[in-house]
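Down below is the structure, laid out as structure tokens.
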Amino acid sequence: MSAGFLLVTIGHTVTLPVPFIPSVALFAAIGALSSALAHRGVSVFHDGLRPVMGSFRKGELPRKEVSKTSFNLAWGFFWAFGIPFSIGYVVPLVYMIFMATDWIGVTVPGDQSSPWHRTARARRGVALALLAGGLWGAGMAVLLRLITEAMHRLPIEMAGPVHLFSEPAAGAYFLFAVLTIAYHYGYRRAFVALVACSVAWFGAQTAGLPYPAVWSFTVGVVFLLAFLILEARRGKAAQEPTVAWAIEDDDDEEEDVFDENARRIRRALLPIVALAALMGAAYNWGLMTKDPISGLLYAQGLAIPAALIMLAWAFAFIPMKFTTAAVTGCMATGTFLDQGISMLMPNPWAAAAACAALRAVEVLALVAVVRGIERLPSIREVADVMRTAIFHVMEIGFLIGGALAASAFAGQWGFAIVVAAWFLNSRKNFPVMPMSVGAYAALAVGVFANILALLGFQVT
């Protein structure tokens, strides 16, 4: 079996726009369950909300304040990142569901101090969260379909070209590793890695291997891991031993907190695993994605490249997500590994089972993973840097993609408008998230071009 065959046959065949009935059903179920878990303080999606969930659960923070915090966090990501990359013939982002269900969960009144079934107030809160979250999920699926159909019927068709938003970044993801090396280990090492990645790219292309970015990314990751291992060894050798009595009490106290929080999360293992199964099916079906780049590649039948991108995201975010879960007793709604594994499964049922099993392992191994990360602090440091690298690649890639889409809508004039929007946004200290400037500018160009076309102007 050839490598090319593997690259295009693993995973489920994606149909765009996404199938309507399955998307409504799965979005409703995912919205309902994620809202209920957020309401009980078991898991939330936004990393900025998780640190306050422990205080909220204990009654140290009023619901109104936590609700306001959640709304402020959610609204920025929802409109600035979720919307422009979820409309048209694309795989919608999970932000369209989870940003809202976090807010719904913490806003619905209830009784967090008691088990969900013990008091009428607690049962009522869970029921309301389930209902509101389910309605939001189903409504979002319907709304996205209506917007997509409207974009398709315009004089200048907009539903198709929006996939160009992510196209340039889809081949540049090997830079995740290269830029991480540059930011953390220096530009000289990064240049060596870049040259090696480029040789891998053109070597694969010359040898007739499919999708050169995969091979380039693999080489970049090898270089990053080599530098990381060297750093970890040097750090371990240079570390001076500390007398046991100086740290024993602090370690015992911290371990007690971690164990207590882990037990709390494990008590909700069944609904956590159920949500993971639903998410796995949705990822495999191509109904939603955590990242526009992996969503685009998966929709094109490139499951392995899409999964590799999720692997990079997982490395960048798992240390933070697991640590905050152990500290707060509130799990993250997915860790990026779930989508990567789901996209490699042959069908939604297998993806649901695999994602559920992965989630169970993550919950049961939470403290062990956090302890491992603590023993290797260089992993956390490199992960923090990789998050920055990923966002920088996306910023430039999505800007270029927006310019390409605008050119499809209105030719060179559209390209110029996107460039102008970038500079104006930067002069105003980026009121619009940099990753979204190109996409929003292109959408504005498309709307304006359609108005001109309706008025009888020649646009393209």
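A Cβ is built for glycine as well, from the same backbone N, Cα and C atoms used for every other residue.
As given in TrEMBL:
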TRANSMEM  77-104  transmembrane segment
TRANSMEM  125-144  transmembrane segment
TRANSMEM  164-183  transmembrane segment
TRANSMEM  190-207  transmembrane segment
TRANSMEM  213-230  transmembrane segment
TRANSMEM  268-285  transmembrane segment
TRANSMEM  297-318  transmembrane segment
TRANSMEM  396-425  transmembrane segment
TRANSMEM  437-457  transmembrane segment
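Annotation: stretch 437-457 has the most Cβ pairs under 8 Å to the transmembrane segment (396-425), among 125-144, 164-183, 213-230, 297-318, 437-457. When each of the listed stretches 77-104, 125-144, 164-183, 268-285 is scored by C-beta pairs under 8 angstroms to the transmembrane segment (297-318), 164-183 comes out highest. Sequence-distant contacts of the transmembrane segment (125-144) (same chain, at least 6 residues past either end, Cβ-Cβ under 8 Å): 20, 23-36, 38-40, 86-87, 92, 96-97, 100-101, 104-105, 108-111, 116.
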